[in-house]
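Q: The structure follows.
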Amino acid sequence: QLTPSSFLRIGQLSNVDLNEDVHELETEVPRQRPNEIPHNEKLLSLKYESLDYDNSENQLFLEEERRINHAAFRTVEIKRWVICAMIGILTGLVACFIDIVVENLAGLKYRVVKDNIDKFTAKGGLSFSLLLWATLNASVVMVGSVIVAFIEPVAAGSGIPQIKCYLNGVKIPHVVRLKTLVIKVCGVILSVVGGLAVGKEGPMIHSGSVIAAGISQGRSTSLKRDFKIFEYFRRDTEKRDFVSAGAAAGVSAAFGAPVGGVLFSLEEGASFWNQFLTWRIFFASMISTFTLNSVLSVYHGNAWDLSSPGLINFGRFDSEKMGYTIQEIPIFIFMGVVGGILGALFNALNYWLTMFRIRYIHRPCLQVVEAMLVAAVTATVGFVMIYCSRDCQPIQGSSVAYPLQLFCADGEYNSMATAFFNTPEKSVVNLFHDPPGSYNPMTLGMFTLMYFFLACWTYGLTVSAGVFIPSLLIGAAWGRLFGISLSYLTKGSIWADPGKYALMGAAAQLGGIVRMTLSLTVIMMEATGNVTYGFPIMLVLMTAKIVGDYFVEGLYDMHIQLQSVPFLHWEAPVTSHSLTAREVMSTPVTCLRRIERVGTVVDILSDTSSNHNGFPVVESNPDTTQVAGLRGLILRSQLIVLLKHKVFVERANLNLVQRRLKLKDFRDAYPRFPPIQSIHVSQDERECMIDLSEFMNPSPYTVPQEASLPRVFKLFRALGLRHLVVVDNRNEVVGMVTRKDLARYRLGKEGLEELSLAQT
């Protein structure tokens, strides 16, 4: 039987590494797999590493920087601009590819099902149509789910939480690989075509980030090709800047909102920010939306008319017809409250669902089955709703792509079908722009209710899919309903236009679910092409965020927390001034001497129990016993490169010159440094000595042990550090602060709480 101790060893599986962990389970508990995995959200996982935003200023680095003259720096700057332009162009092209493929495949599917329904409505036997629709959906989603579950589990979901973590400085395995990009693009096409309640906008942000990470390194580790370009940018500092540009380009391609993209990067992502970076990111976003626009215009056959700036186009809102008056502002604020409450409900339901999924649905085959089930249920619900709806509208003057007649009179179509029998993007636009009276209130109410639960069930499946469009659609439906009931109450007064309230409802619902403020306001303004609504949208989003935060946190933050990622927020917890660095730091620290035996280094690196990544270097006086003062800091990756290139000399001739390494040797090994097990060191070599003086960072950041937690936090977060050495007043190393030590402290309901660390 399973003993509690084996459960503790298994600890906690997060969504990211399922395959590896299941193999570990098989080795630990022979012949039986646990059906339930205990999962505790009050844990921080130790399997995530930090990115090092701080350059190691060792002698090699300083020599290289001194060799570079002013002209060479200018070429580096030009290269940065070129990379940003390439990021923009490629992100735009990927967005075009997704859009065109989805449009054709979904169009084909809806035409087939529509012909089938029209055929069977006349002669009875509509259950065949339902079967056809459900089977088409389930089979398409099955393919999309299989590639994600079995090939690259990181590509599941929208990818925004993962990119948020990456820009925060957490290295999530496989998140910016080429393989992830391919799976992401195919997966999102299949899940949208499969009729799930998902959007293709969220994954664009992830795709843009992968493209940026790939281009800026000038090589692909998945393809094992090195193009020998952009080698200067092979370090975390540069890569992270380019990834934030890629995320912005993704937003801007998805919504046609370049400024919104820059603000998204600023609000959700980068911890380090400067003016030049902002300008480059804006450039990448502009290029991306322009590329998408021109390619789609050529594809739609009007080459000179740039009319589709983003994947989703909300259409124009005319300011003349649709202004707003002072007395509507309280109504908008009320809508914000509703959006916040509904968003909090959505997040709470999704939280319980995700906990259930982590505990029970952790095998890839089960995940695929669940995705197919959701697809079939979505089709069935849509079909039943259309079948039972008696809401008929005349076809003339309406712009419905696939009008379903069903039991309506000739020349009329079923208006429930415009909501369900369409890709979600088109449904949103219809809800915004259809003339008043196109929808029955009953239709809208039923649609909102069903779609709310479907979207909630769908987010967190093992398919690539975003939550932006479903939230907009839910909000637009209840907002339109709200507008219709207002015009009933006011006897059809002119200002109660349902389209305007649909827009506000959409903003409120999306703000209540994802809790973005600044960037979302600008994205909504740019996507509708209307500045008039800036103030009401801002009010609605602020209210939705305040109300929602009172109940539960935003969807993305919740998923980050469920995956136990050591995420650092903008500020330290407010009540943490009583803690000092001495209480927060990790001890004991493994120190290396400046001239160290190779055997000692190999043993320290091979020790799996400590598994440190940064080692303080202390002065080596072999005769004395006391701990010597701090001289520098060296990273595991640097030591591994030194051992790999065998940079050491025998003890007898210490004054011999060691083999000179260039900084290029370290860059070529980045980002996947070989594990220590793959490096062979013979018995004789273990006795050699290795001199760390020119490879260590001689000026690491240190704090005294009396520093308060907010002070340590601010230094760590603003500089994007990975290691912060704690010293006493004699400059001797007493501890080390890493990301996990700071992320452990969180404000809970009762005040400051400390999370425990889990090995998995």
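Quick reminder: no glycine exception, Cβ is built from N, Cα and C everywhere.
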Q: In TrEMBL, which of the ranges 242-265, 626-649 has the transmembrane segment annotation?
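A: My reading of TrEMBL: the transmembrane segment range is 242-265.
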Q: Looking at the transmembrane segment (130-151) and the transmembrane segment (181-199), are there 3+ C-beta pairs under 8 A, with each pair at least 6 apart in sequence?
A: yes
Q: Over the span of the domain 'CBS' (696-754), count residues by DSSP class, listing helix, strand and coil in order.
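A: Output for the domain 'CBS' (696-754) reads 16 helix, 21 strand, 22 coil.
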Q: Same chain, outside the transmembrane segment (329-353) by at least 6, Cβ under 8 Å from its Cβ: which residues?
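A: Cβ under 8 Å, 6 or more out: 452-453, 455-457, 459-460, 471, 474-475, 478-479, 482, 486, 501, 504-505, 507-513, 515, 536, 539-548, 550-555, 558, 562.
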Q: Looking only at residues six or more beyond either end of the transmembrane segment (442-461), which have a C-beta under 8 A from one in the stretch?
A: 145, 156-157, 196-198, 342, 346, 349-350, 353-354, 357, 367, 370-371, 374, 377-378, 381, 385, 389, 391, 415-416, 419-420, 467, 470-471, 473-474, 477-478, 480-481, 484, 555, 559
Q: For the transmembrane segment (277-299), which partner among 81-102, 181-199, 467-489, 531-552 gives the most CB pairs under 8 Å?
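A: Out of the listed stretches, 81-102 contacts the transmembrane segment (277-299) most.
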Q: Residues sitting near the transmembrane segment (467-489): Cβ under 8 Å, six or more positions beyond its termini, same chain?
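A: Distant contacts of the transmembrane segment (467-489): 158, 197-202, 254, 312, 331, 335, 338-339, 342-343, 346, 419, 424-425, 427-428, 431-432, 436, 439, 441, 444-445, 447-448, 451-452, 454-455, 458-459, 496-510, 513-514, 555.
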